[in-house]
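Marked as active site, charge relay system by TrEMBL: Asp152, His225, Ser571. As annotated by TrEMBL, domain 'Inhibitor I9' applies to 25-100. Per TrEMBL, the feature domain 'Peptidase S8/S53' maps to 143-630. Taken from TrEMBL, the feature domain 'Subtilisin-like protease fibronectin type-III' covers 678-779.
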Amino acid sequence: MKKLFIIALLFLLPLLASCSDQKQVYVVYFGEHNGEKAHHEIEDTHHSYLLSVKKTEEEARASLLYSYKHSINGFAALLTPHQASKLSELEEVVSVSKSEPDRYSMHTTRSWEFSGLEEDERLGSTTGPLDMGGDLLSKAKYGKEVIVGILDSGVWPESKSFNDEGMGPVPKSWKGICQTGTAFNSSHCNRKLIGARYYLKGYEQYYGSLNTSEDYRSARDKDGHGTHTASTVAGRSVPGVSALGGFAYGTASGGAPLARLAIYKVCWPIPGRQKVEGNACFMEDMLAAMDDAIADGVHVMSISIGTSKPINYTDDGIAIGALHAAKNNIVVSCSAGNSGPGPGTLSNPAPWILTVGASSLDREFPAPVLLGNGQKVMGQTVTPSKLKKKMYPLAYAAAVAKPGVSRDEARVCLEGTLSPEKAKGKIILCMRGNNSRVAKGFVVKEAGGAGYILGNTPESGGGLPCDAHLLPATAMTYNNAMKVLKYIYSTKNPRAFILPAKTKLHTKPAPFMAGFTSRGPNVIEPNILKPDITAPGLNILAAWTEGDSPTKISSDIDPRVVKYNILSGTSMSCPHVAAASVLLKAIHPTWSSAAIRSALMTTAGLRNNLGKPLTDESGSLANSFAYGSGHFRPAKAAYPGLVYDASYTDYLLYLCSTGAKGVDKSFKCPENPPTAVNLNYPSLAVSKLNGTVTVNRTVTNVGKPKSVYFFSSRPPLGFSVEASPSILSFDYVGQKKSFTITVKARSETLESKNDTKDYAFGWYSWLDGLHVVRSPIAVSLA
């Protein structure tokens, strides 16, 4: 027996050795450059580190993918786990992070009018509901001197949204390039699209050479996501556009229609998968893009990409890049993620990032289902195909499963689960889950179904992302889907008809929080409240690639081509807030990125168009873990009265409190750094309060020179909130005033606490008769 064990071990040893020697991409991060070395010297230094763990200089140079040498100090290289471990032991190394293919993914019009920002860029006439919205656009000169960097899947440069007609010369501050590649040359850049780059070394190291039938080896977009987000930020005003089928007809425009766009393509298709099922955005590629974007001279970054699960800041490529962007006074707007509505699901939680949730517009696309008993059940769709005017047999997907297929698999219409004999000619009810919404429709179509009803899960709530399905279809809330299912079970011959959809404006209530938007609390740092804000992200119309179908299913299945498309996700809300940041940057060029974030947060709205508090899709009251400070109001944000400013040094002090040291070698952490709750943030989160806490805040006057602000609050239930002093007097613009906020749990609250994970919510404000500078509060007990 002992001999057998030894023989087996001898066979396993080579395998174990090969596993331990297997090379993978790691990002080695040193923090901030001190500015004393030239770029070639920095790269030589990075090579010397590699040489210390490699056998030869040739091996060291061959292993290097990226040398980050503009603002970020670090490199990406092929290393064995042992080599990575050796480098991580060096005192000057902040972190060593293994690249993972599924760590990051993209978080996949009328919205500007709804947000009070619509004005014709050519005529200068206000057409939106708020004159101050048009005033903001004209005062910001439509963002024409501001440069926005978009990290995404590229751009379709021929779109009318990126036309440069009538635009002035490229800003002199621009230092970037127009990188040529497949189907993309220097002429595709213009005075609107002023720069383009693409990054795929990390992607190709993991997946091998890019399949050029799946994507362009250039900044050209074959996915659509990047074109959509770029045009939402800064697309030109294009009248007379709509999605497929004429839905959402009107003028498409970005929030800052004369801002300049710099494209950084970092996301690519996953081999063997439909694009609708996701894509790959590698940490090392994104860090290279952010390092370049900072050096290129962008003023705002819009990043609709995030992690599938929360990770520490120094292991998170976006957080690292955004910190260096903040040092250079660049606003970084990021999506919170689409993993809601569960708690603690949001990504991009770093306090130097503007983290954006998603909410609805006041626009719907009603497409009700008429049941055989005469009942009408409401649904929504932007599917252009229509049924012939007659009643069709209706079936639940679980009841038309193929032999040997479980009902659970069939009910969500997974590929190959439906029986053509049972499904042919019928309208099929499928439930959400496991695969994409459009993929379910294709499964029904393949099985011979005549139409398709998509039912929400209870978790999905009442929000209905609308898609251009491949057959007549409509989407329903869970409750409405259950009405259809109840009818199916109530009769031997269930029948139905899907009525053609329409575009309906000024719907109420709006906005409400999308069910998919990721929620707080902030798992990485519970004492920083996230998300920061919410903006329209449900059924947003924007420009689209002509290199792919509107469903992102391969062209042999869906050959349709569109110029504009409707998408949902925090990917869509993120560029809305990026655009608002552009306008504020244009009006207040000396403001820091933190001041711009503060202005947006403290002026956000907490009520819908019925004048009632914001709700979730289900109709229940929403809270700050869904919407942060509230729904963004760009026009009000331009004149916030007071701002909560924070500097790069403040962020380094905050990192000291988390145990992250050495990010900037010129900065030494104090022995007792300020706690996270004392970072000068425009919101207040107190996790595990044991009795009383007092926190420090400082505001800067950006309103009238002579002004007096009075404290007001609505404390979280069971707590008291007091400020000292409770009156702030200012004599000049730029003057700073400090105060303390004391949050105290009432004795009865401490005595009756049930679940220490539960949070209570409230707010405090400073008022001067003209401004309401509001900060949300979230508190839990120890």
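Glycine is no exception: its Cβ is also placed from the backbone N, Cα and C atoms.
Curation does not apply to TrEMBL; its annotations are automatic.
Annotated features taken from TrEMBL, shown on the structure.
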| residue | record | DSSP (3 states) |
| --- | --- | --- |
| Asp152 | active site, charge relay system | strand |
| His225 | active site, charge relay system | helix |
| Ser571 | active site, charge relay system | helix |
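This prediction places the mean pLDDT of the domain 'Subtilisin-like protease fibronectin type-III' (678-779) at 93. For the pair His225 (active site, charge relay system) and Asp152 (active site, charge relay system), the Cα-Cα distance reads 7 Å.
When the alpha carbons of Asp152 (active site, charge relay system) and Ser571 (active site, charge relay system) are compared, the span between them is 10 angstrom.
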